[in-house]
Amino acid sequence: MKGIRITGQIPLDGEVRIQGSKNAALPVMAAALLNRGTTVLKGCPRISDVFLMEKILRGLGAGTRWQGDSLEICADQISSCEVERELGEKMRSSIVLLGSLLGRCREAVLPFPGGCVIGARPIDLHLSALKTLGAEFAEKDGRLYGRTSQMKGGTVFFRKSSVGATENAVLAAVCGEGTTVIRGCSKEPEVGWLCCFLNQAGARISGIGTSCLVIRGVPRLHDTVFSIPSDRITAGTYVCASAITRGKGILVKPPVKEMKAMLTAYEKIGGQYVYNSGKLFLCSQKASRPIHWLETQIYPGFPTDLQSIFLAVLACAQGNSQIKESIFEDRFKVVPQLQKMGAQIEVEEQIARIRGGKLRGTRVKAEELRGGAALVIAGLGAEGETYVENREFVERGYEDICRDLNCLGARVRKD
Ligand code: EPZ
């Protein structure tokens with residue numbers, strides 16, 4: 001069994017550099033298909049979801065090559081518009097290839113993305129937006145077939161904020177004919193980074209960071225070298241690591257501007273921080289207060305991806321807290337594993353009520369990426385030793401969580 005072994009209750013006091021952002025890298029890798037040349041992504045995170053997306057791109061005929069932490073993608077020859085089923089089924093976020101394949105090849109075949117542990121994860125918003133821009137779809141044998149004579153400009157209106165659907169609409173529009181207006185866009189930073197990448201490669205997108213994007217179609221994109229931004233969820237995870245151990249810690253190059261909601265919650269529980277010259281200095285000796293009410297929201301609200309991880313921190317607080325999950329319908333899956341560690345959490349519909357207390361180390365199971373990270377963070381705050389099974393879930397989004405936490409002074413190892 002591949003797992004992670006954690007020794008609990010060591011107050012952290014070290015320094016760690018924050019990796020590149022998984023959720024910025026994946027859509028930018030898909031966008032590289034729109035350039036009939038070479039795209040270089042500096043600071044690309046070496047995580048299994050990126051390696052999987054790389055395999056998918058190679059299966060489509062692109063060439064990929066790592067030079068240190070830069071990933072080079074050569075897409076001058078695309079030989080197929082069909083994402084290999086067993087690869088696409090492993091990663092929901094491969095759905096973002098829909099927009100770039102339609103934009104590049106005017107065709108796309110993907111496995112119909114299923115739901116996952118955190119919810120049904122429908123794609124209705126993706127399909128309705130792409131149909132507005134000139135695509136047609138059919139489903140057969142669990143595959144989604146998309147095609148278009150030419151993606152054309154139009155006005156897309158999202159009734160609900162969706163990161164992936166916004167990214168797909170942008171990817172389909174950048175090389176389409178005419179001008180596209182997308183209203184009700186997701187304002188998550190990763191959407192902004194995708195647009196920055198595309199503009200750097202020759203696209204013409206305005207309104208970045210707002211809920212209304214205007215895209216003037218261009219005939220093609222060109223080569224560019226783009227730096228992947230650092231990962232706000234990884235950085236938030238390590239703020240929680242410092243908090244639960246009542247230690248300190250220094251994060252190097254965190255995207256602090258994108259972490260306001262997380263840092264506000266950190267201050268509410270008693271954490272103190274200073275950001276100076278690219279370093280975030282954390283002081284968590286007093287980070288033991290509960291939070292009466294916290295709700296996950298779309299950006300710039302508290303990110304759903306940090307909900308499970310913050311739940312672990314509140315399970316060790318001195319008092320009672322409540323967290324409402326408002327983005328996904330089933331994102332408290334990690335609670336039974338935290339309860340095995342002694343966490344006193346009751347979930348009723350979308351609200352978790354937490355009675356802060358002590359956690360004790362034991363053997364627990366990761367079932368998905370952020371829940372797995374939450375169990376590792378819980379292990380840091382628990383008495384004794386914790387063993388988290390199914391490490392591969394955590395490795396989907398964290399380059400090397402053991403390496404990083406040990407840099408912060410923890411005692412964590414792969415086992
Ligand atoms: C992205 O997923 C992220 N993944 C998720 O991070 C993140 O949790 C999520 O955005 C929300 O911020 C990547 O960027 C690769 P959505 P995405 O479409 O695009 C509903 C992680 O741990 N919806 O914004 O799939 C949907 O069910 C992952 O790194 C529809 O109803 O999220 C959800 O309730 C987990 N119809 C809500 O919208 C649709 O067509 C938000 O989903 C699409 C989505």
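Using N, Cα and C of the backbone, Cβ positions are placed for all residues, glycine too.
A quick note: this is a predicted structure, and the numbers were derived from the prediction, not measured.
Feature annotations, courtesy of TrEMBL:
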DOMAIN    7-404  domain 'Enolpyruvate transferase'
BINDING   K22, N23  phosphoenolpyruvate binding site
BINDING   R92, R121, P122, I123, D124, L125, D305, I327  UDP-N-acetyl-alpha-D-glucosamine binding site
ACT_SITE  C116  active site, proton donor
MOD_RES   C116  2-(S-cysteinyl)pyruvic acid O-phosphothioketal
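Here the features listed in TrEMBL are painted onto the structure.
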| residue | record | DSSP class |
| --- | --- | --- |
| K22 | phosphoenolpyruvate binding site | helix |
| R92 | UDP-N-acetyl-alpha-D-glucosamine binding site | helix |
| C116 | active site, proton donor | strand |
| R121 | UDP-N-acetyl-alpha-D-glucosamine binding site | coil |
| D305 | UDP-N-acetyl-alpha-D-glucosamine binding site | helix |
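For the recorded positions given as C116, I123, L125, I327, the lowest number of other CB atoms within 10 Å of the residue's CB is seen at C116. Taking a Cβ distance under 6 Å to any atom of ligand 1 as the criterion, the recorded positions N23, C116, P122, I123, D124, I327 reduce to N23, P122, I123, D124, I327. Within 10 Å of the C-beta of R121 (UDP-N-acetyl-alpha-D-glucosamine binding site) there are 16 other C-beta atoms, taking all protein chains into account. Across the fold, the C-alpha of I327 (UDP-N-acetyl-alpha-D-glucosamine binding site) and the C-alpha of C116 (active site, proton donor) stand 14 Å from each other.
Annotation: K22 carries the greatest number of neighbouring Cβ atoms among the binding-site residues K22, R92 [cut-off 10 Å, Cβ to Cβ]. A count of other CB atoms within 10 A of each Cβ picks out D305 as the most crowded of the binding-site residues D124, D305. Largest Cα to Cα distance within the recorded UDP-N-acetyl-alpha-D-glucosamine binders R92, R121, P122, I123, D124, L125, D305, I327: about 22 Å as a whole number.
Using Cα positions, the member of the binding-site residues N23, R92, P122, D305 nearest to C116 (active site, proton donor) is identified as R92.
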